[in-house]
Amino acid sequence: MSQVTNTTQEGIYFILTDIPGFEASHIWISIPVCCLYTISIMGNTTILTVIRTEPSVHQRMYLFLSMLALTDLGLTLTTLPTVMQLLWFNVRRISSEACFAQFFFLHGFSFMESSVLLAMSVDCYVAICCPLHYASILTNEVIGRTGLAIICCCVLAVLPSLFLLKRLPFCHSHLLSRSYCLHQDMIRLVCADIRLNSWYGFALALLIIIVDPLLIVISYTLILKNILGTATWAERLRALNNCLSHILAVLVLYIPMVGVSMTHRFAKHASPLVHVIMANIYLLAPPVMNPIIYSVKNKQIQWGMLNFLSLKNMHSR
């Protein structure tokens, strides 16, 4: 009974879970994990630097790419502290305030990533279907307002779930099933009525997993319809190639996201290792893969990187 009393006080803590069955191999596991985090940080930082410094990529479409890189960087830095301190120092305890803060930024950046990809699909649609009006429709002011609206909407979407969760008592085991704090993981430790929290979380998940992808599919359906009406196959392939990077980024985000949701909903009794691996793929795949996708598929980003690196080498001599 004393445990219940203590866990409802302010100074509670949570216990993070490492990779089950591999506790003795933390140092070895940390090497590839650290490499992935390094790729994410360096890749997204490089893209941001190139977009900021290279005149050849000072175009409106790259403002959305810079938003995506900033979001990926935020997502990486949100999970980095708990994951690496667990693997390097076996520090599994996290205070409730730190856990709630990570919960807020983790879900906020995840929702932001989805919203930015939706905005990028609209950008592709306008560029391909209304090329003559692109500059007048997507002005710098419109893009700036879009970015501000995305931030405000994501913050306002996550805050209610944070406050709803903070008001509840935690009186079950403090053991989380992952190495960071997620809403669906924390809510199962509550010993009170969680119907409101569950319904709100379900509504948010529905919005991110169904509504955003549906709008993206609609935009690409309209793009495809427009492309099929063009004169030559060369024009069709060129238009599709311009959108290929964005399509890959969408798949990299939503396939792991759906996988995590399905695992949480329908495979609750699966091995803890499955849940940990799925969650890590979901949070690491987009920040790691997006810089690679855009640097490989986008020639202007490639040239921008080469110019940036060559200028850097000249200044260092």
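Note: Cβ is positioned from N, Cα and C throughout, glycine not excepted.
The topological domains that Swiss-Prot gives for Glu54 and Gly229 carry the same name, which places both on one side of the membrane. Looking up Asn6, Asn44 in Swiss-Prot, the residue bearing an annotation of N-linked glycosylation site is Asn6. In terms of DSSP secondary structure, the topological domain 'Extracellular' (78-101) contains 18 helix, 3 strand, 3 coil. Packing around Cys99 (disulfide bond) is summarised by its Cβ count: 22 other Cβ atoms lie within 10 angstroms of its Cβ, all protein chains included. Residues of the same chain lying 6 or more positions beyond the ends of the transmembrane segment (199-219) and with a Cβ under 8 Å from any Cβ of it are 107, 110-111, 114-115, 117-118, 121-122, 124-125, 157, 160-161, 164, 183-184, 187, 250, 254, 257-258, 261. Within its own chain, the transmembrane segment (142-162) has Cβ neighbours under 8 Å at 60, 63-64, 67, 100, 103-104, 107-109, 111-112, 115-116, 119, 183, 197, 200-201, 204, 207, counting only residues six or more beyond its boundaries. Sorting the topological domain 'Cytoplasmic' (220-239) by DSSP state (H, G, I as helix; E, B as strand; all else coil) yields 16 helix, 0 strand, 4 coil. Cβ atoms under 8 Å from those of the transmembrane segment (102-122) belong to residues 64-65, 67-68, 71-72, 74-75, 78-79, 82, 94, 146, 150-151, 153-155, 157-159, 161-162, 165, 180-183, 186, 204, 208, 212, 215-216, 219-220, 246, 249-250, 253-254, 257, 283, 286 of the same chain, restricted to positions at least 6 beyond its ends. Its own atom aside, the Cβ of Cys191 (disulfide bond) has 13 Cβ atoms within 10 angstroms in the protein chains shown.
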